[in-house]
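Accompanying notes for the structure given below.
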Amino acid sequence: MEKQILLLPGDGIGPEIIAETKRVLEEIARLYHHTFQFVEGRIGGDAIDATGSPLPEETLDLAKGSDAILLGAVGGPKWDGNAPEKRPEKGLLQIRKALGLYANLRPVRVLKPLMGASTLKEEVLADVDLLIVRELTGGLYFGEPRERRQINGEDGAVDTLLYTRGEIERIVHQAFQFARTRKKRVVSVDKANVLESSRLWREIADEVAREYPDVTLSHMLVDNAAMQLIRDPRQFDVIVTENLFGDILSDEASMITGSLGLLPSASMNTSKVGLFEPVHGSAPDIAGTGAANPLATILSAAMMLQYSFGLADEAKAIEVAVDRVLAQGVRTKDIAKASENAVSTTAITNAVMEALALKSASSR
């Protein structure tokens, strides 16, 4: 298989974790006889410093010509005083919009060696493996009008929660398609007891469900879903929800694992082109120290192999390699206990690559 992958290192620790993930992908290409062509572009604060724009046209052209995009991180205090249009995060919003990346995927899988890092009890965490599918381009964050105005003689503000049938149908279809490759259960999260947009969402989810008789659909109000994620996260397989609810629930679910340094994510469109990135931020305080944890980015690359390229075996090989490394007690500083010796960004990547090579040798 031949694929072009756009690397967007971005800011802070981004260049370090992207460089290490590229090494893992090169090893996958060698072991499984693929050809990955890597191109690199600027985004975020790095792009602002170099070009004045958080998303230069050159980067957007590279994105449109690539099969998938791997992003490091954007942002940092250096650019906090910039105007909104000149903030690093604007580049990420712009590339999502330009590529029509409407589906955000946030897998939450609790790894046995790191159960102690979570604030939840181990019996609650055992076998947690869920996927949150969040609608990314509609809803309250994008609806118009959005404005300040005078209301009955005092300051007021208006935001608009707007969804169309097409926006709801396509994200719900995505959720059902992902569920078919998992445990075949979808929970649609809404606020249908209060919001008209949620009542439409629920009606359309029921209609879409009839096209997937092999998948079970249930509905849950968002306040109950927030509680159930903590009470019993094992009950969930695929959660699908609108933008605001998904933003909140995915951050809540991320803490089930106990470490942001292990959480990958993806933003995808209908054609399976995706932008893959770690959930964590740019961590400028440790940039250049060799202490960054690359595992979330490496696992994001595994998502890319599975969801954009259809390479399920290769994706699984990376996940198994990461699991093996953690089971061996190899840790970067962010996930190491006080009594454990932390290793560098490069060292933990080397361990992942060694685990990949061992798995490949054993399967011959």
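Placement of Cβ uses the backbone N, Cα and C atoms for every residue, glycine included.
Worth saying up front: this structure is predicted, and the values here are computed from it rather than measured.
Pulled from Swiss-Prot, these are the features on record:
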| type | residues | note |
| --- | --- | --- |
| BINDING | 76-89, 281-293 | NAD(+) binding site |
| BINDING | R96, R106, R134, D223 | substrate binding site |
| BINDING | D223, D247, D251 | Mg(2+) binding site |
| SITE | Y141 | site 'Important for catalysis' |
| SITE | K191 | site 'Important for catalysis' |
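Shown are the binding-site residues D80, D223, D247, D251; the one with the most C-beta atoms within 10 angstroms of its own C-beta is D247. Within 10 Å of the Cα of D251 (Mg(2+) binding site), the following recorded positions from the list P88, R106, Y141, K191, A283, A291 place their own Cα: R106. Separation of the C-alpha atoms of R134 (substrate binding site) and P88 (NAD(+) binding site): 22 Å, rounded to the nearest whole number. Each of the binding-site residues A283, A287 was scored by the number of other CB atoms within 10 Å of its CB, and the largest score is that of A283. When each of the binding-site residues G76, P84, P88 is scored by how many other Cβ atoms sit within 10 Å of its Cβ, P84 comes out lowest. The number of other CB atoms found within 10 A of the CB of K191 (site 'Important for catalysis'), across every protein chain shown, is 20. DSSP assigns Y141 (site 'Important for catalysis') to a helical segment in the three-state reduction.
Of all the recorded positions in the record (R96, R106, Y141), the one with the smallest CA separation from A291 (NAD(+) binding site) is R106.
Listed in sequence order, L136, T137, S267, L275 are the same-chain residues at least 6 apart in sequence whose CB falls under 8 Å from the CB of R96 (substrate binding site). In this entry, substrate is bound by R96, R106, R134, D223, whose most widely separated C-alpha atoms sit 28 angstrom apart.
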